[in-house]
């Protein structure tokens, strides 16, 4: 079977190199995808695969509770400032609530528009079957939405009859209702709530459906969870982080007995930041089959780790800003510029274009103002140690400058705040050590670590070979007219026909490798090197390829595996046609 996703080729067929199996993840980019179905009845890679559990549902419900508590306390506090006549504090508090929310809702609605809009000028989704060279069924699709209308358990796909006028009218009405509902949801600033509920619904559907649809719904649940975790990460560091510093600064500036409402708002913002970071890391690890999933014990340890380190950091900011407002602004801008430059020189590979990558690095620079966030593949021990040493020195300097402005002999309250900053940071480092020494998915930091792969049959660390995880190119060369017409290119004989993009063909003979992979069943080959962890696999970002993979996965009799291009294998490169 084959499908198109704006530019490069991927084929489906058996093959071990760079394979990534099961329902845990796949990858791709702005590429053309071609898949060849394997023998019907063969079990897809990954066996039964992971299952959505009730504790996953509880985790989503807790995330919703954190989301509502953070937003409700901020709005309540803004209303309180307005009723008290403190218009400046009211404006700042409301600004930090509305502006990030509008940005996130626009991004979420843009994703919805792309996911739900059919290609312009297309005659509509179409699936056709024809005989392939091997005598098996050949399936091609021009739109990912077609596969979702296939009945569960259908042995093969056939040409769909033209829809009647009544069914077309009902379909248009349903689409109009969906558009109106999504527009209303995003106008009410509830786009993330909808995505949380949808992720939970898809997860529960994966529990209740048959084996084939179970994997399909599980993949869609991972996609939705990835979307909402990215949106929440962006919103919390645009809203909760500055809100936390603002309210702490006001509490410190007023002195005396703290008010209950600002204290609730700061606590909710702090929990939201810590929860979002831990949830993001958990969803990211769950989405990648080359990494072991993060347990809920490890997620809770990460919540406590970030909770106490961000609390110490924010309190140090608040103490310094309560006295040196101008210098605090200069310090924040300088720290952000240094951290952003540090991230950029690390050559991250999270996005599909250069400018998106720069914007992403700028957002990561904001995150680095408050806490550690791993963005580079490999061991992060030295980089994290360096970061926390810098943070420790900055916290000590900021708190020291503030304490020097106080009356040492009579102000015992100031000494208590200094001790709170130090003890909170120490507790955060303690829980970080607990996570890495006891609860890290790869095993204890000081002991023997397990390989990152979850495949029990792999004797060595699985995942793509080293040359298959290099950074993908930002752009691919266009297919020239001579190449399309069969002219001699790269030593090939002129007139050699170029294989069509939408084609079902038998898979390549398996290439011997040192690791043991499942080779039976269909394989989706993607003409793109796999992104390095901790980046998302490209299909989580490239929404066109996401739709294509879902179509191929749903229309296949068995769940296909996913395979990435191996840069070092010249024979494999000849199997792909790259177009833009």
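Heads up, the Cβ atoms here are built off N, Cα and C, so glycines get one too.
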Field: Listed range which TrEMBL flags as transmembrane segment, given the options 284-304, 305-325, 326-346, 452-472
entry: 326-346
- request: Examine the ranges 232-249, 250-267, 358-375, 484-501 and name the one recorded by TrEMBL as transmembrane segment.
  value: 358-375
- line: Maximum Cβ pairs under 8 Å to the transmembrane segment (384-403) among 89-109, 326-346, 358-375, 415-438 is reached by 415-438
